[in-house]
Amino acid sequence: MSKNVVSLVKDDSDKKKALDAALSQIERSFGKGSIMRLGKNEQIVEIESVSTGSLGLDIALGIGGLPRGRIIEIYGPESSGKTTLALQTVAEAQKSGGVCAFVDAEHALDPIYARKLGVQLDDLLISQPDTGEQALEIADTLVRSGAVDVLVIDSVAALTPKAELEGEMGDSLPGLQARLMSQALRKLTGSISKSNTMVIFINQIRMKIGVMFGSPETTTGGNALKFYASVRLDIRRIGAIKDRDEVVGNQTRVKVVKNKVAPPFKQVEFDIMYGEGISKMGELVDLGSKAGIVEKSGSWFSYNSQRIGQGRENAKQFLRDNPEMAAEIEAAIRANAGLIAEKIMDVPGSERDGDEDAGDMEASA
């Protein structure tokens, strides 16, 4: 019996020696840190994040924002708030001293609106490339530099391959953009992780032709981005915010369709006000009510037995005028983030957009 135990220990020690030899050989060949034990350095497990500018969305994402060193996809219909959400993330990154870049493939960035959202234009790197290849090459160079914290590419649909630009107007080039994206993401994904750069791809929605069952909606650029993205956000405009007869903002719903760093399928709603961006005060009222921090009785809202307004808009205005109370409510909401996360859990289900072959025919939404 003891003989078997001794031989087992011997086998284990031989296995350990063989493993140590293999690890040292890998480190000699590919450099120190190319392979390591996951639990040895706990900082490796920690995922750094950048706030989205929305308190509710930060809670829904599970790590306090969008993860750094990962690929993010934000998609939705036109005028749903995709670029606004990306610019708010850029503004939050700049507040903490981050370097941000914006690859404007659509040639549609409004610098005045970006400034209103809090983006420091003097520190923002911007590129307006002519072709999809040029845009992705610029993105690759910026990521490899290791000096950029957040890189936004707006949008995947506007990354037109050079062959398509040089061809005739009616030429059929199926799958060309999908192949371009697939090759670029294979090249980018390793350097994104090493440089700890967050790359946000903004994408548009198309309708698949001839779909009888399920949603006909899909995103442009093939399937590669769906696989490589660690977080996918589906953003929709669900209503208008009016001041008397004038529309002053949009009610917006964001669903976390995919999340590799925390449980997915949570969804949040917030207001995007024109010329202001995501309404922080509106979120404090809504999330505070869900967590029981802000009491609601009829149409009246109150905090610590003090009435703060009749109706949601009046409560928002009261918090704008009383920043100390707003800060107190925000701190209480952050302390109860786990409870709120449970309340905003959506019904689990698969991604609504079906798989898209490289050569699928697409029609504009």
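Here the Cβ of each residue, glycine as well, is placed from N, Cα and C on the backbone.
Keep in mind the model is a prediction, meaning the values are calculated, not measured.
If you look up Swiss-Prot, you'll see GLY76, PRO77, GLU78, SER79, SER80, GLY81, LYS82, THR83 marked as ATP binding site, on the strength of sequence analysis. In this view, SER79 (ATP binding site) is surrounded by 10 other Cβ atoms within 10 Å of its Cβ, with every protein chain counted.
The feature region 'Disordered' is assigned by Swiss-Prot to 346-365.
Residues annotated as compositional bias 'Acidic residues' in Swiss-Prot: 353-365.
Counting every protein chain shown, the number of other Cβ atoms lying within 10 Å of the Cβ of SER80 (ATP binding site) is 22.
Note on GLY81 (ATP binding site): other Cβ atoms within 10 Å of its Cβ, all shown chains, come to 23.
SER79 (ATP binding site) falls within neither a helix nor a strand when secondary structure is assigned with DSSP, and so counts as coil. Listed in chain order, the residues near the ATP site other than GLY76, PRO77, GLU78, SER79, SER80, GLY81, LYS82, THR83 are ILE235, ARG237, each with its Cβ within 8 Å of the site Cβ centroid.
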